[in-house]
Amino acid sequence: MSLQEMFRFPMGLLLGSVLLVASAPATLEPPGCSNKEQQVTVSHTYKIDVPKSALVQVDADPQPLSDDGASLLALGEAREEQNIIFRHNIRLQTPQKDCELAGSVQDLLARVKKLEEEMVEMKEQCSAQRCCQGVTDLSRHCSGHGTFSLETCSCHCEEGREGPACERLACPGACSGHGRCVDGRCLCHEPYVGADCGYPACPENCSGHGECVRGVCQCHEDFMSEDCSEKRCPGDCSGHGFCDTGECYCEEGFTGLDCAQVVTPQGLQLLKNTEDSLLVSWEPSSQVDHYLLSYYPLGKELSGKQIQVPKEQHSYEILGLLPGTKYIVTLRNVKNEVSSSPQHLLATTDLAVLGTAWVTDETENSLDVEWENPSTEVDYYKLRYGPMTGQEVAEVTVPKSSDPKSRYDITGLHPGTEYKITVVPMRGELEGKPILLNGRTEIDSPTNVVTDRVTEDTATVSWDPVQAVIDKYVVRYTSADGDTKEMAVHKDESSTVLTGLKPGEAYKVYVWAERGNQGSKKADTNALTEIDSPANLVTDRVTENTATISWDPVQATIDKYVVRYTSADDQETREVLVGKEQSSTVLTGLRPGVEYTVHVWAQKGDRESKKADTNAPTDIDSPKNLVTDRVTENMATVSWDPVQAAIDKYVVRYTSAGGETREVPVGKEQSSTVLTGLRPGMEYMVHVWAQKGDQESKKADTKAQTDIDSPQNLVTDRVTENMATVSWDPVRATIDRYVVRYTSAKDGETREVPVGKEQSSTVLTGLRPGVEYTVHVWAQKGAQESKKADTKAQTDIDSPQNLVTDWVTENTATVSWDPVQATIDRYVVHYTSANGETREVPVGKEQSSTVLTGLRPGMEYTVHVWAQKGNQESKKADTKAQTEIDGPKNLVTDWVTENMATVSWDPVQATIDKYMVRYTSADGETREVPVGKEHSSTVLTGLRPGMEYMVHVWAQKGAQESKKADTKAQTELDPPRNLRPSAVTQSGGILTWTPPSAQIHGYILTYQFPDGTVKEMQLGREDQRFALQGLEQGATYPVSLVAFKGGRRSRNVSTTLSTVGARFPHPSDCSQVQQNSNAASGLYTIYLHGDASRPLQVYCDMETDGGGWIVFQRRNTGQLDFFKRWRSYVEGFGDPMKEFWLGLDKLHNLTTGTPARYEVRVDLQTANESAYAIYDFFQVASSKERYKLTVGKYRGTAGDALTYHNGWKFTTFDRDNDIALSNCALTHHGGWWYKNCHLANPNGRYGETKHSEGVNWEPWKGHEFSIPYVELKIRPHGYSREPVLGRKKRTLRGRLRTF
């Protein structure tokens, strides 16, 4: 329900009530009722306090506050500006007879009651606590298009409306996130259209050659492209090119008008031929899928074969051919399963050569060579041989054998030498192709092999070295049971040690020499090893008088083992024999805690192995007769018989029934110890054992049961006149109950009460006031009792009763009371004024009244009386005493501002109705205001700055007034207002302000530098602005401003001026330069990839399309020749403030190796027109890739010319990287990413109108118009920037675009 509706309903009800009452004399008289009875008036007045923040207009109450009935409004409320007051008066003629049951009266009373309920409800809803914490828009009623909820303090809008007050029309689909909603209509962002901006617009409206379907052009049959502006090409370029104005531009690898043909391969040639193979190669092409190679003997096309060759391969060896035969070889390029025209090659294989040759037999000084005779005619052979390392070559003539093979035995050779052998077939004097092979004579074998220095597992063998050159010797040795090992020995050595031999074993040893895979004959000898000794001798299962020792059995064949053990003190030695099959034995008769040295060795006949040894310390014996005695609540003594062995200490461990464990060491001389820290009433398990080093004896054990503990920290608290509470810390032991006994000190009366075991406090009752009691508490379990804890309990004294005040004057009052029952020392009377002044006086114990003196007039006092005995006090009885009235004192003025002042005074002591304050200006203007009696200060408002006022204050009660107190108040100068910085740059800013209303002499402006330095400026009274200059970049300056007049100053007004700082200390591009608050176009230093060591000066365009562009090319005057060499285009040339080219290397570094994705913009202008093209991706590759260009998707007004150049390398007149037959840079007078040749030629000859030679952008002005202004620029993709404030720099824009 709205506020107006809430007001409307009760008002209607009230009007109905008034009309009903007006007609009452004619309708309210039932039979038997007289009209001459008493008149009764019912008066109701309601006040609703509406917050001043609510938009509800309240008019003054036209009715007087007084009426025949009592008013429900307090004094002063009628003057409040935001009170809504409803009043109705109902006069009823009440007859003498009981007419309460009359129907009309009943109905009227019911309607009046309903009216009251509605008014109460409205008051609650419109209170400051219910009206949504000061919501000020309730009167809008949600603009009539929704429902306001008091529960949520918000509007619930109708469909199609939105806003906090449903004040706006809603747009369909919230404009799909692609537009702005204005008055219920979507204003779409480019390039979106539709009622809800739901889909993008079609480019160029499909150029009239297609239909637009949800943002995509469906072109007519003869047209194509995104905007259907291009004429379709033959066969749609077969899917192997792109169409431009009806002409196909084929992809690499395709050719023809419709791009249907594959480019023919080039450079097919013969690299190598043999009697059965041909190796061919050709120029590689990266634009094919694979190659198709075919070949056949000349004149035998039907026997041809085809081979598919991968595109990465550009040579192939054809195998399995006939000797001396001519072959036709053809090669085709294949792309997308389309084959090119073939390229042909005629090649011939060689004649047959000798078959395989080999060495059939080798000795130390001869080699037998054999080879296969060829199928062709051969007259004889020449055989040449010589050492591989020497120049000496011998030659012999060998006749051709009639057998399929020929052979020759070469003699007189050196042992172990490799020879190079050549067999040449001869026919007449003509040599055929020779066959080569190598042969090596055998190596001589070692002599005088002997064995010496034999141990259990090693033996040394030696020999006389061989004469041949060798790589190494090989030694092989085999045991009697067939175990064989082999080892290599350096060629310069003539002996070696055989390891890993088995003890007591006979070995056969062989030695021979090797070179490569060649080995000499073997020489041999014999070796017999010694017996091994027992290994891994260990001691285990040791007791106090025995020990078991074990060992690994020896490998050799033996008769027995011998064991000898000796005590550490050498008092006893024993020796025992153990069978050869055993590997352990038990040593008996040992003494506890003694270490023994044990030796074990093997025997066979009179031969003995080496001795193995170990140590065997016997166990310590354990303590005996462990007992527990002298047990208390938290400790127990344990004792035992000492052990016999020599030990370091005893260890005692005791564990409670709850699992808590402690462990303590005990000196070796002791045989008892005290266990401490035990818990009362707890059973403990005790273990004791002896230790020596890491050695421990067996554990002895016993049990210990502690006593019950007594209650602790027994205290008395919450003591009254006849009762006291005692409490204690519960015992830790398990008990049945507590017992509490308390005895009076006065007559010895004693009481004893049981308390549950779960309790730790109890209340002692039946006590007498002011008596001391002795209290004992102890715990019980069965017949067992703990020790008794005791404390004292002193009951309180009873307090005085019936305290009253009488005989009050301005400065005295008499108080009296009934005396207490307890024995006391005195009474104490304590009285405190309303302002906190306190006095305290003692009164004799026989008295029951006293006079309070030194009171202040008109002051209320609180009086307390209580009894004392020693340090003990009774409860306090209290009453009030009120003295008579006086006037205000100490009137002072403080907290004076330019338009207000606070006056304060000492409040009067008397009870008053209010204070009155009157203040008069120096020119006679007077105001008088009432102040509540509770206040002792007030604020004088509506004062004028710089004015003196006379202030009077007095108290009132009814018609009575106190004397007037007076003082003076001088208002302050008002300060300047609205101090604000503006036009802030990196080095300064403008400060502006509004002057004060007071008459002043001038201003003082103060500002502080970052280093703490303060500068002060005095300005004239007419100044309203000041320019701060020479400030530091990115710094904050506190600024304050005061007005002054003579020696008086106004309040400070302050602000801060923060100069523009650099967000990016090392900006990597112009977008970051712009974000450093540089708003003007011009030369700036950027840093490649943000690296401070790689600065680069560039021209930044801060204006075009939000700015942030790095300009890398400009043509606008024609004064700079762009027909440059490769090196110039790589490094860059020209003046960035005029015409220039930034450089390919810089473009590569800017657009690669960085997370930023760059877009490129081309701006074109003539004298009367302008156009632009933007591509959402731009990248220049490295020099290795000839600075290949990559661009993304196009948008703009100039037409798409760069997509044609996408993926192509840069070309200059001295570096041709295009695919045209001629050099495009040479024929088109520039440097560019030419293909075959261009649709864009920004670096062409300035002003040239010949076809394709000028500064062209073909989609905009064609090939025969030279564009007078071109600018190429890049920035991060998607970057946008609202205009920024900053230091303006001079721009070249006007001059750069002057043709």
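The first residue you see is number 1, and the count goes up from there.
The backbone N, Cα and C atoms fix where each Cβ goes, glycine too.
Annotation source Swiss-Prot lists signal peptide at 1-28.
According to Swiss-Prot, the domain 'EGF-like 1' annotation covers 167-198. A Cβ distance under 8 Å defines the sequence-distant neighbours of the domain 'EGF-like 1' (167-198), meaning residues of its chain 6+ beyond its ends; these are 140, 143, 145, 157, 159-161, 215.
Within the same chain, residues at least 6 positions away in sequence whose Cβ sits under 8 Å from that of Cys171 (disulfide bond) are Gly179, Cys181, Gly184, Arg185, Cys186, Asp196. The disulfide bond annotation in Swiss-Prot covers Cys171-Cys181 (among others).
Residues or ranges marked as disulfide bond in Swiss-Prot: Cys175-Cys186 (among others). In the shown protein chains, 22 other C-beta atoms lie within 10 A of the C-beta of Cys175 (disulfide bond).
Annotation note: Cys197 (disulfide bond) sits in a coil segment as assigned by DSSP. Swiss-Prot lists Cys188-Cys197 (among others) with the feature disulfide bond, giving sequence analysis as the kind of evidence.
Annotation source Swiss-Prot lists domain 'EGF-like 2' at 199-229. Residues 190-193, 236, 243 of the same chain lie 6+ residues outside the domain 'EGF-like 2' (199-229) yet bring a C-beta within less than 8 angstroms of a C-beta in it.
What Swiss-Prot records for Cys202-Cys212 (among others) is disulfide bond, and it gives sequence analysis as the kind of evidence. In this structure, Cys202 (disulfide bond) belongs to neither helix nor strand by DSSP; it is coil.
As annotated by Swiss-Prot, disulfide bond applies to Cys206-Cys217 (among others). Cys206 (disulfide bond) has a Cβ environment of 22 other Cβ atoms inside 10 Å.
The disulfide bond annotation in Swiss-Prot covers Cys219-Cys228 (among others). Of all Cβ atoms in the protein chains displayed, 19 besides its own lie within 10 Å of the Cβ of Cys219 (disulfide bond).
If one looks beyond the domain 'EGF-like 3' (230-260) by at least 6 residues along the same chain, the residues whose Cβ comes under 8 Å of a Cβ in the stretch are 221-224, 285-288, 333, 335-336, 338, 1203-1204, 1219, 1235-1236, 1239. Residues annotated as domain 'EGF-like 3' in Swiss-Prot: 230-260.
Reduced to three states, the DSSP call for Cys243 (disulfide bond) is strand. Neighbour count (other Cβ atoms within 10 Å of the Cβ, all protein chains): 20 for Cys243 (disulfide bond). What Swiss-Prot records for Cys233-Cys243 (among others) is disulfide bond.
Cys237 (disulfide bond) falls within a helix when secondary structure is assigned with DSSP. Around Cys237 (disulfide bond), the C-beta neighbours below 8 angstroms that are at least 6 residues distant in the chain are Cys243, Cys248, Tyr249, Cys250, Asp258, Cys259. Residues annotated as disulfide bond in Swiss-Prot: Cys237-Cys248 (among others).
In the three-state DSSP classification, Cys259 (disulfide bond) falls within coil. Counting every protein chain shown, the Cβ of Cys259 (disulfide bond) has 24 other Cβ atoms within 10 Å. The disulfide bond feature in Swiss-Prot is assigned to Cys250-Cys259 (among others).
According to Swiss-Prot, the feature domain 'Fibronectin type-III 1' maps to 264-352, an assignment based on sequence analysis.
Note: the domain 'Fibronectin type-III 2' (353-444) comprises 0 helix, 50 strand, 42 coil (DSSP; helix = H, G, I, strand = E, B). Swiss-Prot lists 353-444 with the feature domain 'Fibronectin type-III 2'.
According to Swiss-Prot, the domain 'Fibronectin type-III 3' annotation covers 445-532.
Of all the disulfide-bonded residues listed (Cys181, Cys202, Cys228, Cys233, Cys248), Cys181 has the fewest other CB atoms within 10 A of its CB. Reduced to three states, the DSSP call for Cys175 (disulfide bond) is helix. Under DSSP, Asn1149 (N-linked glycosylation site) is assigned to a helix (H, G or I) in the three-state scheme. In the three-state DSSP reading, Cys228 (disulfide bond) counts as coil. Counting in whole angstrom, Cys219 (disulfide bond) lies 7 from Cys206 (disulfide bond) by their C-alpha atoms.
Mapped onto DSSP helix, strand and coil, the domain 'Fibronectin type-III 9' (977-1063) counts 0 helix, 48 strand, 39 coil.
Looking only at the disulfide-bonded residues Cys188, Cys202, Cys228, Cys233, the one with its C-alpha closest to Cys175 (disulfide bond) is Cys188. Put simply, Cys202 is the one of the recorded positions Cys202, Cys217, Cys228, Asn1149 whose Cα lies nearest to the Cα of Cys188 (disulfide bond). When the CA atoms are compared, the recorded positions lying within 10 A of Cys202 (disulfide bond) are Cys217, out of the candidates Cys217, Cys233, Asn1149.
Asn1149 (N-linked glycosylation site) sits 39 Å from Cys206 (disulfide bond), taking the Cα positions as reference. In the domain 'Fibronectin type-III 7' (801-886), helix, strand and coil residues by DSSP number 0 helix, 49 strand, 37 coil.
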